[in-house]
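Quick one: the structure is below, and I'll ask about it shortly.
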Amino acid sequence: MRLAFAVALGLVFEILRGALVPPLAAVIALQLLALPGPRPTAKMVLGLFVVISGASLFAYGVSALTVNQMLPYALGVGLIYLWGFALAARRKTAAVGTMTLTMGIVVTTMAAVSTDLAAVLVVQLSLSVAFGIALVFLAHAAFPQRAPFAGAPAAEEGAPVGVTSRAMVATLIILPLHLVLVADGLAAMVVLLTVATMFRQVRIELAARYATSFAAGNLLGGLLAAAAVRVVSLHATIPVLATTVVAASLLVAWWIERVPKFAHVLLPGFVAFTVLFGLAFMPGSPSADVELLKRLAQIVAAGLYALGAVSLVMPIVHGSRSSAGGSVM
């Protein structure tokens, strides 16, 4: 219920107030609420603001200083992903890693449109960020936590990959995707956020086993967003907007609660729904129906690419670790 509450309230409020990136507050709240652990403290919130500010400024600096310089840009963006995934892989710093990845993706995709625009938007987006964190507190207050959220599945057989190796693999896989899609600007944000969420929800060395489920979850989120946008576009009233968003959010949140072992599959789909639906109502958003179908196809293709790449890379990583262990012996 907390997830549905935060997503519904975040989307409706940000769309109605004409936010520059309507899904941002809801995505921040969704990803923070999905992390295991108790409600955030004031100290944690202050720390998140510092991290968000630092990640945003670094991402903007990379974009502004490496205009038309592919190699320096790739190195800078790669550092953002590496830092974010490494932090997200540790339970104590998972929230910090999540915010680093989210703001890095949002700012770099905005800067692809215009670095001057991104400089202005970084300041204005602080309102959405503050609202997203406030939604976390509101959701915990309205629906107190009774049991820990079942995020990633339980550990399975096989030696887990180290945090550094896991972050490096995730970065090497998502970076080419970023470089290919970043020319689309903000529209690329949904694909990158969804893939990043996939890598954070399950041990990366086991990700290939969930290829079909991940693709199905992303497809479900995209189709749900397309249907919701269609309904709202036919009846463009505030009650219809609110009812549609609440119904769709409750549907996905109910599935996550009823079938917790599929939470790692449904959560990326929930992120895809939130971003796709929100971007369709971004000021000046063109041809929402066509764009939704295009982004949906990109999400499915990117998810399959990411999981296929994991299945190819991880045996090499495991082999090198085994060889290193053997040489030490």
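Every residue, even glycine, has its Cβ placed from backbone N, Cα and C.
The transmembrane segment annotation in TrEMBL covers 42-63, 70-88, 120-143, 173-199, 211-232, 238-256, 263-284, 296-317.
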Tally Cβ pairs under 8 Å between the transmembrane segment (173-199) and each listed stretch (42-63, 70-88, 211-232, 238-256, 263-284), then give the stretch with the top tally.
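Maximum Cβ contact count belongs to 263-284.
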At a C-beta cut-off of under 8 Å, are there same-chain residues at least 6 beyond the transmembrane segment (211-232) that contact it? List them, or none.
194, 198, 240-241, 244-245, 248, 251-252, 262, 265-273, 276-277, 280-281, 288-289, 292-293, 295-296, 299-300, 303-304, 307-308, 311
Using a Cβ-Cβ cut-off of under 8 Å, list the residues of the same chain that are 6+ residues beyond the ends of the transmembrane segment (238-256) and lie near it.
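Answer is 1, 3-5, 7-8, 11-12, 15-16, 221, 224-225, 227-228, 231-232, 262-263, 266-267, 269-270, 273, 277.
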